[in-house]
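Structure, as C-alpha coordinates:
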Amino acid sequence: MGLVDSLFGKDGRKFLKRKDSDAAEAGRALEELRSSLYNELKTSEGAKRQQQRFCGPVVAMSFNFVVAVGIILANKLVMGRVGFNFPIFLTLIHYAVAWILLAFFKSLSLLPMSPPSKTTPFSSLFSLGAVMAFASGLANTSLKHNSVGFYQMAKIAVTPTIVFAEFVLFKKTISSTKVMALAIVSLGVAIATVTDLEFNLFGALVAVAWIIPSAINKILWSNLQQQANWTALALMWKTTPFTVFFLLALMPWLDPPGVLLFKWDLGNSSAILVSALLGFLLQWSGALALGATSATSHVVLGQFKTCVILLGGYVIFGSDPGFISICGAVAALAGMSVYTWLNLPGKSIDHSSSKQLPKQNTAVSKPKAEADDGVGETGVAEPLLSKTTTANIV
(Lines of atoms letter the chains of each structure in order from A and count residues from 1; the text may use other names and numbers.)
(Lines give C-alpha, C1' and ligand atoms only; values in the text may rest on other atoms or scores of the structure.)
Protein backbone atom coordinates (compact mmCIF):
# COMPACT_ATOMS: atom_id res chain seq x y z
CA MET A 1 0.00 0.00 0.00
CA GLY A 2 3.06 2.28 0.12
CA LEU A 3 2.64 3.38 -3.48
CA VAL A 4 -1.06 4.08 -2.94
CA ASP A 5 -0.25 6.09 0.22
CA SER A 6 2.37 8.08 -1.59
CA LEU A 7 0.15 8.82 -4.56
CA PHE A 8 -3.33 9.20 -2.98
CA GLY A 9 -2.87 9.11 0.76
CA LYS A 10 -5.58 7.77 3.12
CA ASP A 11 -8.36 9.01 0.84
CA GLY A 12 -6.98 6.81 -1.93
CA ARG A 13 -7.11 3.70 0.26
CA LYS A 14 -10.74 4.49 1.24
CA PHE A 15 -11.66 4.98 -2.44
CA LEU A 16 -10.16 1.64 -3.48
CA LYS A 17 -11.84 -0.19 -0.60
CA ARG A 18 -15.19 1.39 -1.51
CA LYS A 19 -14.79 0.29 -5.14
CA ASP A 20 -13.95 -3.26 -4.03
CA SER A 21 -16.99 -3.26 -1.75
CA ASP A 22 -19.27 -1.98 -4.54
CA ALA A 23 -17.98 -4.64 -6.93
CA ALA A 24 -18.58 -7.36 -4.34
CA GLU A 25 -22.13 -6.11 -3.71
CA ALA A 26 -22.83 -6.02 -7.45
CA GLY A 27 -21.53 -9.57 -7.79
CA ARG A 28 -23.71 -10.78 -4.92
CA ALA A 29 -26.76 -9.03 -6.41
CA LEU A 30 -26.12 -10.63 -9.81
CA GLU A 31 -25.72 -14.05 -8.24
CA GLU A 32 -28.93 -13.60 -6.23
CA LEU A 33 -30.78 -12.58 -9.39
CA ARG A 34 -29.48 -15.59 -11.27
CA SER A 35 -30.42 -17.89 -8.39
CA SER A 36 -33.87 -16.31 -8.18
CA LEU A 37 -34.52 -16.78 -11.91
CA TYR A 38 -33.29 -20.39 -11.75
CA ASN A 39 -35.59 -21.16 -8.82
CA GLU A 40 -38.51 -19.42 -10.53
CA LEU A 41 -38.18 -21.77 -13.50
CA LYS A 42 -38.61 -24.74 -11.16
CA THR A 43 -42.34 -24.04 -10.75
CA SER A 44 -44.86 -23.45 -13.49
CA GLU A 45 -46.25 -20.41 -11.64
CA GLY A 46 -42.80 -18.86 -11.30
CA ALA A 47 -41.93 -19.53 -14.93
CA LYS A 48 -45.21 -17.98 -16.00
CA ARG A 49 -44.47 -14.87 -13.90
CA GLN A 50 -41.08 -14.50 -15.55
CA GLN A 51 -42.61 -14.86 -19.03
CA GLN A 52 -45.20 -12.18 -18.23
CA ARG A 53 -42.48 -9.97 -16.75
CA PHE A 54 -40.08 -10.07 -19.67
CA CYS A 55 -42.42 -10.80 -22.60
CA GLY A 56 -45.41 -8.52 -22.40
CA PRO A 57 -47.72 -7.89 -25.36
CA VAL A 58 -45.46 -5.30 -27.04
CA VAL A 59 -42.27 -7.37 -26.73
CA ALA A 60 -43.94 -10.63 -27.79
CA MET A 61 -45.67 -9.14 -30.81
CA SER A 62 -42.58 -7.21 -31.91
CA PHE A 63 -40.52 -10.40 -31.61
CA ASN A 64 -43.09 -12.31 -33.68
CA PHE A 65 -43.22 -9.58 -36.32
CA VAL A 66 -39.44 -9.44 -36.85
CA VAL A 67 -39.04 -13.23 -37.00
CA ALA A 68 -42.01 -13.61 -39.37
CA VAL A 69 -40.47 -11.18 -41.85
CA GLY A 70 -37.17 -13.06 -41.62
CA ILE A 71 -38.73 -16.45 -42.28
CA ILE A 72 -40.62 -15.08 -45.27
CA LEU A 73 -37.26 -14.24 -46.86
CA ALA A 74 -35.78 -17.59 -45.81
CA ASN A 75 -38.71 -19.55 -47.23
CA LYS A 76 -38.54 -17.58 -50.48
CA LEU A 77 -34.92 -18.72 -50.75
CA VAL A 78 -35.70 -22.35 -49.89
CA MET A 79 -38.80 -22.70 -52.08
CA GLY A 80 -37.56 -20.49 -54.90
CA ARG A 81 -33.81 -20.49 -55.48
CA VAL A 82 -33.10 -23.80 -53.71
CA GLY A 83 -36.17 -25.41 -55.29
CA PHE A 84 -37.30 -27.41 -52.23
CA ASN A 85 -40.93 -27.98 -53.25
CA PHE A 86 -41.96 -30.17 -50.33
CA PRO A 87 -43.85 -27.82 -47.97
CA ILE A 88 -45.10 -30.49 -45.55
CA PHE A 89 -41.64 -31.99 -45.19
CA LEU A 90 -40.17 -28.52 -44.70
CA THR A 91 -42.66 -27.90 -41.89
CA LEU A 92 -41.77 -31.30 -40.44
CA ILE A 93 -38.08 -30.30 -40.44
CA HIS A 94 -38.99 -27.09 -38.61
CA TYR A 95 -40.84 -28.93 -35.85
CA ALA A 96 -38.17 -31.64 -35.61
CA VAL A 97 -35.45 -29.01 -35.15
CA ALA A 98 -37.62 -27.25 -32.57
CA TRP A 99 -38.04 -30.53 -30.67
CA ILE A 100 -34.26 -31.13 -30.69
CA LEU A 101 -33.59 -27.60 -29.40
CA LEU A 102 -36.20 -28.00 -26.66
CA ALA A 103 -34.63 -31.32 -25.62
CA PHE A 104 -31.25 -29.56 -25.43
CA PHE A 105 -32.74 -26.83 -23.23
CA LYS A 106 -34.29 -29.49 -21.01
CA SER A 107 -30.94 -31.29 -20.64
CA LEU A 108 -29.45 -28.02 -19.36
CA SER A 109 -32.41 -27.48 -16.97
CA LEU A 110 -33.33 -24.35 -18.92
CA LEU A 111 -36.80 -25.51 -19.93
CA PRO A 112 -39.55 -24.01 -17.72
CA MET A 113 -41.49 -26.40 -15.55
CA SER A 114 -44.83 -27.64 -16.87
CA PRO A 115 -47.98 -27.34 -14.72
CA PRO A 116 -49.15 -30.51 -12.92
CA SER A 117 -50.69 -32.98 -15.35
CA LYS A 118 -54.02 -32.93 -13.52
CA THR A 119 -54.54 -29.24 -14.34
CA THR A 120 -54.58 -29.82 -18.12
CA PRO A 121 -56.32 -32.80 -19.68
CA PHE A 122 -54.16 -34.91 -21.99
CA SER A 123 -56.82 -34.45 -24.65
CA SER A 124 -56.13 -30.68 -24.70
CA LEU A 125 -52.40 -31.17 -25.37
CA PHE A 126 -53.07 -33.88 -27.96
CA SER A 127 -55.66 -31.71 -29.70
CA LEU A 128 -53.30 -28.74 -29.82
CA GLY A 129 -50.50 -30.84 -31.31
CA ALA A 130 -52.87 -32.23 -33.93
CA VAL A 131 -54.40 -28.91 -34.99
CA MET A 132 -50.92 -27.36 -35.23
CA ALA A 133 -49.98 -30.00 -37.78
CA PHE A 134 -53.14 -29.47 -39.81
CA ALA A 135 -52.99 -25.66 -39.54
CA SER A 136 -49.39 -25.48 -40.80
CA GLY A 137 -49.59 -28.33 -43.28
CA LEU A 138 -52.85 -27.29 -44.91
CA ALA A 139 -51.70 -23.66 -45.12
CA ASN A 140 -48.58 -24.68 -47.02
CA THR A 141 -50.60 -26.92 -49.32
CA SER A 142 -53.11 -24.14 -49.94
CA LEU A 143 -50.30 -21.82 -51.03
CA LYS A 144 -49.00 -24.47 -53.40
CA HIS A 145 -52.31 -25.13 -55.17
CA ASN A 146 -53.97 -21.69 -55.02
CA SER A 147 -53.01 -18.16 -55.94
CA VAL A 148 -51.84 -15.86 -53.14
CA GLY A 149 -55.07 -13.88 -53.54
CA PHE A 150 -57.23 -16.92 -52.84
CA TYR A 151 -54.99 -17.85 -49.90
CA GLN A 152 -55.48 -14.37 -48.44
CA MET A 153 -59.25 -14.66 -48.83
CA ALA A 154 -59.18 -17.86 -46.82
CA LYS A 155 -56.92 -16.21 -44.23
CA ILE A 156 -59.32 -13.31 -43.79
CA ALA A 157 -62.04 -15.85 -42.96
CA VAL A 158 -60.04 -16.95 -39.89
CA THR A 159 -60.99 -13.76 -38.00
CA PRO A 160 -64.79 -14.29 -37.91
CA THR A 161 -64.17 -18.00 -37.33
CA ILE A 162 -62.21 -17.21 -34.15
CA VAL A 163 -64.88 -14.79 -32.92
CA PHE A 164 -67.61 -17.38 -33.54
CA ALA A 165 -65.61 -20.27 -32.03
CA GLU A 166 -64.81 -18.32 -28.85
CA PHE A 167 -68.48 -17.45 -28.48
CA VAL A 168 -69.51 -21.10 -28.87
CA LEU A 169 -66.76 -22.54 -26.65
CA PHE A 170 -66.40 -19.85 -23.98
CA LYS A 171 -69.44 -17.55 -24.44
CA LYS A 172 -66.98 -14.75 -25.16
CA THR A 173 -68.38 -11.73 -26.95
CA ILE A 174 -66.75 -8.58 -28.31
CA SER A 175 -68.16 -5.08 -28.62
CA SER A 176 -69.79 -3.77 -31.77
CA THR A 177 -67.02 -1.17 -32.16
CA LYS A 178 -64.39 -3.93 -32.26
CA VAL A 179 -66.49 -5.84 -34.78
CA MET A 180 -66.53 -2.74 -36.99
CA ALA A 181 -62.76 -2.28 -36.61
CA LEU A 182 -62.13 -5.93 -37.54
CA ALA A 183 -64.47 -5.62 -40.52
CA ILE A 184 -62.49 -2.60 -41.78
CA VAL A 185 -59.23 -4.52 -41.31
CA SER A 186 -60.51 -7.55 -43.23
CA LEU A 187 -61.95 -5.44 -46.04
CA GLY A 188 -58.75 -3.40 -46.31
CA VAL A 189 -56.54 -6.50 -46.44
CA ALA A 190 -58.83 -8.01 -49.07
CA ILE A 191 -58.59 -4.91 -51.25
CA ALA A 192 -54.82 -4.70 -50.75
CA THR A 193 -53.89 -8.32 -51.40
CA VAL A 194 -56.62 -10.10 -53.31
CA THR A 195 -55.58 -9.24 -56.87
CA ASP A 196 -56.37 -12.66 -58.30
CA LEU A 197 -58.51 -15.62 -57.27
CA GLU A 198 -57.00 -18.49 -59.21
CA PHE A 199 -57.67 -21.90 -57.68
CA ASN A 200 -58.62 -25.45 -58.49
CA LEU A 201 -61.14 -27.68 -56.76
CA PHE A 202 -58.54 -29.50 -54.63
CA GLY A 203 -56.86 -26.24 -53.64
CA ALA A 204 -60.18 -24.66 -52.70
CA LEU A 205 -61.12 -27.64 -50.54
CA VAL A 206 -57.73 -27.48 -48.79
CA ALA A 207 -58.11 -23.73 -48.16
CA VAL A 208 -61.57 -24.17 -46.66
CA ALA A 209 -60.42 -27.12 -44.56
CA TRP A 210 -57.52 -25.03 -43.21
CA ILE A 211 -59.68 -22.24 -41.74
CA ILE A 212 -61.07 -24.12 -38.74
CA PRO A 213 -57.77 -25.76 -37.60
CA SER A 214 -56.04 -22.38 -37.89
CA ALA A 215 -58.64 -20.70 -35.69
CA ILE A 216 -58.73 -23.51 -33.10
CA ASN A 217 -54.91 -23.57 -33.01
CA LYS A 218 -54.74 -19.92 -31.96
CA ILE A 219 -57.57 -20.23 -29.44
CA LEU A 220 -55.99 -23.24 -27.71
CA TRP A 221 -52.52 -21.65 -27.56
CA SER A 222 -53.96 -18.50 -26.03
CA ASN A 223 -56.25 -20.17 -23.50
CA LEU A 224 -53.87 -22.87 -22.30
CA GLN A 225 -51.24 -20.25 -21.46
CA GLN A 226 -53.59 -17.73 -19.91
CA GLN A 227 -55.69 -20.18 -17.90
CA ALA A 228 -53.37 -23.03 -16.89
CA ASN A 229 -49.96 -21.51 -16.03
CA TRP A 230 -48.34 -22.85 -19.21
CA THR A 231 -45.34 -21.02 -20.63
CA ALA A 232 -44.68 -20.99 -24.37
CA LEU A 233 -41.60 -23.25 -24.23
CA ALA A 234 -43.17 -25.76 -21.84
CA LEU A 235 -46.27 -26.05 -24.02
CA MET A 236 -44.13 -26.42 -27.15
CA TRP A 237 -42.21 -29.26 -25.47
CA LYS A 238 -45.39 -31.15 -24.64
CA THR A 239 -47.20 -30.69 -27.97
CA THR A 240 -44.43 -30.84 -30.60
CA PRO A 241 -44.21 -34.68 -30.59
CA PHE A 242 -47.89 -34.91 -31.54
CA THR A 243 -47.37 -32.33 -34.29
CA VAL A 244 -44.43 -34.27 -35.73
CA PHE A 245 -46.50 -37.47 -35.72
CA PHE A 246 -49.40 -35.90 -37.63
CA LEU A 247 -47.07 -34.18 -40.11
CA LEU A 248 -45.50 -37.56 -40.87
CA ALA A 249 -48.98 -38.88 -41.56
CA LEU A 250 -49.86 -35.92 -43.81
CA MET A 251 -46.64 -35.93 -45.84
CA PRO A 252 -47.47 -38.90 -48.16
CA TRP A 253 -50.86 -37.38 -48.96
CA LEU A 254 -49.96 -33.73 -49.55
CA ASP A 255 -46.29 -33.67 -50.63
CA PRO A 256 -45.14 -34.72 -54.10
CA PRO A 257 -42.81 -37.73 -54.37
CA GLY A 258 -39.06 -37.33 -54.77
CA VAL A 259 -37.89 -35.79 -51.50
CA LEU A 260 -35.07 -38.36 -51.23
CA LEU A 261 -33.89 -37.39 -54.71
CA PHE A 262 -33.44 -33.76 -53.72
CA LYS A 263 -29.86 -32.45 -53.91
CA TRP A 264 -28.88 -32.34 -50.24
CA ASP A 265 -25.58 -30.48 -50.68
CA LEU A 266 -24.05 -28.10 -48.13
CA GLY A 267 -25.61 -24.95 -49.59
CA ASN A 268 -29.14 -26.33 -49.87
CA SER A 269 -28.99 -28.02 -46.47
CA SER A 270 -27.70 -24.82 -44.85
CA ALA A 271 -30.57 -22.79 -46.30
CA ILE A 272 -33.10 -25.33 -45.03
CA LEU A 273 -31.44 -25.37 -41.59
CA VAL A 274 -31.59 -21.55 -41.37
CA SER A 275 -35.26 -21.73 -42.28
CA ALA A 276 -35.78 -24.37 -39.58
CA LEU A 277 -34.04 -22.25 -36.90
CA LEU A 278 -36.19 -19.27 -37.86
CA GLY A 279 -39.17 -21.62 -37.76
CA PHE A 280 -38.39 -22.44 -34.14
CA LEU A 281 -38.16 -18.74 -33.30
CA LEU A 282 -41.41 -18.10 -35.15
CA GLN A 283 -43.18 -20.87 -33.25
CA TRP A 284 -41.83 -19.55 -29.94
CA SER A 285 -42.62 -15.90 -30.68
CA GLY A 286 -46.09 -16.79 -31.95
CA ALA A 287 -46.78 -18.74 -28.76
CA LEU A 288 -45.54 -15.82 -26.65
CA ALA A 289 -47.79 -13.40 -28.56
CA LEU A 290 -50.82 -15.66 -28.16
CA GLY A 291 -50.10 -16.11 -24.45
CA ALA A 292 -49.71 -12.37 -23.90
CA THR A 293 -52.70 -11.26 -25.98
CA SER A 294 -55.55 -13.11 -27.68
CA ALA A 295 -56.28 -15.22 -30.73
CA THR A 296 -58.09 -12.39 -32.50
CA SER A 297 -55.28 -9.93 -31.83
CA HIS A 298 -52.75 -12.41 -33.21
CA VAL A 299 -54.71 -12.58 -36.48
CA VAL A 300 -54.67 -8.79 -36.64
CA LEU A 301 -50.89 -8.85 -36.17
CA GLY A 302 -50.55 -11.18 -39.15
CA GLN A 303 -52.65 -8.89 -41.31
CA PHE A 304 -50.53 -5.97 -40.10
CA LYS A 305 -47.41 -7.80 -41.32
CA THR A 306 -49.00 -8.28 -44.73
CA CYS A 307 -49.83 -4.57 -45.06
CA VAL A 308 -46.42 -3.42 -43.81
CA ILE A 309 -44.65 -5.70 -46.31
CA LEU A 310 -46.82 -4.35 -49.14
CA LEU A 311 -46.35 -0.68 -48.17
CA GLY A 312 -42.68 -1.21 -47.31
CA GLY A 313 -42.03 -2.59 -50.77
CA TYR A 314 -43.73 0.47 -52.26
CA VAL A 315 -41.89 3.04 -50.09
CA ILE A 316 -38.45 1.44 -49.85
CA PHE A 317 -38.03 -0.61 -53.01
CA GLY A 318 -40.25 1.35 -55.39
CA SER A 319 -42.61 -1.53 -56.19
CA ASP A 320 -46.02 -0.56 -57.56
CA PRO A 321 -48.85 -2.67 -56.11
CA GLY A 322 -51.39 -0.24 -57.53
CA PHE A 323 -53.33 2.67 -56.11
CA ILE A 324 -56.28 0.52 -55.00
CA SER A 325 -54.02 -1.91 -53.12
CA ILE A 326 -52.26 0.96 -51.34
CA CYS A 327 -55.63 2.43 -50.31
CA GLY A 328 -56.70 -0.96 -49.00
CA ALA A 329 -53.52 -1.34 -46.96
CA VAL A 330 -53.91 2.16 -45.48
CA ALA A 331 -57.55 1.43 -44.59
CA ALA A 332 -56.51 -1.86 -42.94
CA LEU A 333 -53.82 -0.10 -40.88
CA ALA A 334 -56.40 2.48 -39.79
CA GLY A 335 -58.72 -0.31 -38.67
CA MET A 336 -55.84 -1.97 -36.79
CA SER A 337 -55.07 1.31 -35.03
CA VAL A 338 -58.67 1.60 -33.87
CA TYR A 339 -58.71 -2.04 -32.74
CA THR A 340 -55.47 -1.54 -30.79
CA TRP A 341 -56.81 1.63 -29.16
CA LEU A 342 -59.97 -0.22 -28.10
CA ASN A 343 -57.79 -2.85 -26.40
CA LEU A 344 -55.87 -0.36 -24.28
CA PRO A 345 -56.52 -0.62 -20.52
CA GLY A 346 -59.75 1.13 -19.65
CA LYS A 347 -60.97 1.22 -23.25
CA SER A 348 -62.25 -2.32 -23.64
CA ILE A 349 -65.96 -2.85 -23.16
CA ASP A 350 -66.01 -6.54 -23.98
CA HIS A 351 -68.17 -8.82 -21.90
CA SER A 352 -67.08 -12.41 -21.61
CA SER A 353 -68.02 -15.04 -19.11
CA SER A 354 -65.52 -16.84 -16.92
CA LYS A 355 -66.14 -20.12 -18.72
CA GLN A 356 -62.79 -21.45 -19.91
CA LEU A 357 -61.03 -24.74 -20.48
CA PRO A 358 -62.14 -27.44 -18.02
CA LYS A 359 -60.29 -28.13 -14.78
CA GLN A 360 -57.76 -25.39 -15.22
CA ASN A 361 -55.95 -23.27 -12.70
CA THR A 362 -57.00 -19.64 -12.99
CA ALA A 363 -54.43 -18.26 -10.58
CA VAL A 364 -52.54 -16.35 -13.25
CA SER A 365 -54.24 -13.13 -14.24
CA LYS A 366 -54.88 -12.31 -17.89
CA PRO A 367 -52.79 -9.60 -19.50
CA LYS A 368 -54.44 -6.20 -19.57
CA ALA A 369 -53.97 -5.56 -23.26
CA GLU A 370 -55.05 -7.75 -26.11
CA ALA A 371 -53.13 -7.90 -29.24
CA ASP A 372 -53.03 -10.86 -32.42
CA ASP A 373 -51.33 -13.81 -36.20
CA GLY A 374 -48.22 -15.29 -37.66
CA VAL A 375 -46.95 -19.33 -37.71
CA GLY A 376 -47.59 -19.93 -37.16
CA GLU A 377 -47.58 -19.47 -36.30
CA THR A 378 -46.87 -21.29 -34.06
CA GLY A 379 -48.51 -19.91 -36.50
CA VAL A 380 -48.29 -19.48 -40.24
CA ALA A 381 -45.85 -17.02 -41.76
CA GLU A 382 -47.40 -14.52 -44.13
CA PRO A 383 -46.68 -14.95 -47.82
CA LEU A 384 -44.75 -12.12 -49.44
CA LEU A 385 -47.43 -11.93 -52.12
CA SER A 386 -45.53 -14.57 -54.08
CA LYS A 387 -46.28 -18.15 -55.01
CA THR A 388 -42.73 -19.12 -54.01
CA THR A 389 -43.27 -18.26 -50.35
CA THR A 390 -44.70 -20.90 -48.05
CA ALA A 391 -46.54 -20.52 -44.82
CA ASN A 392 -44.71 -21.81 -41.81
CA ILE A 393 -45.33 -23.16 -38.37
CA VAL A 394 -46.64 -20.43 -35.57
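Just so it is clear, glycine is given a Cβ too, placed from its N, Cα and C backbone atoms.
So that you can see what the record holds, here are the features copied from TrEMBL:
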- 54-74: transmembrane segment (TRANSMEM)
- 65-339: domain 'Sugar phosphate transporter' (DOMAIN)
- 86-105: transmembrane segment (TRANSMEM)
- 125-143: transmembrane segment (TRANSMEM)
- 149-170: transmembrane segment (TRANSMEM)
- 201-220: transmembrane segment (TRANSMEM)
- 232-251: transmembrane segment (TRANSMEM)
- 271-292: transmembrane segment (TRANSMEM)
- 299-317: transmembrane segment (TRANSMEM)
- 323-342: transmembrane segment (TRANSMEM)
- 351-376: region 'Disordered' (REGION)
- 354-364: compositional bias 'Polar residues' (COMPBIAS)
**Message:** Counting only residues 6 or more past its boundaries, what in the same chain has a CB within less than 8 Å of a CB in the transmembrane segment (232-251)?
**Reply:** 44, 47, 51, 88-89, 91-92, 95-96, 98-99, 102, 105-106, 111-115, 125-126, 128-130, 132-134, 136-137, 221, 224-225, 283-284, 287-288, 291, 378
**Asked** Excluding the flanking five residues on each side, which residues at least 6 beyond the ends of the transmembrane segment (323-342) place their CB within less than 8 Å of a CB in that stretch?
**Response** 175, 177-178, 181-185, 187-193, 195, 297, 300, 303-304, 307, 310-311, 314, 348, 371
**Request:** Report yes or no: does the transmembrane segment (86-105) come within contact of the transmembrane segment (201-220), defined as 3 or more CB pairs under 8 Å with a sequence separation of 6 or more?
**Result:** no
**Prompt:** Which stretch from 125-143, 149-170, 271-292 shares the most C-beta pairs under 8 Å with the transmembrane segment (299-317)?
**Reply:** 149-170
**Message:** Within the domain 'Sugar phosphate transporter' (65-339), what mean pLDDT does the predicted structure show?
**Reply:** 85
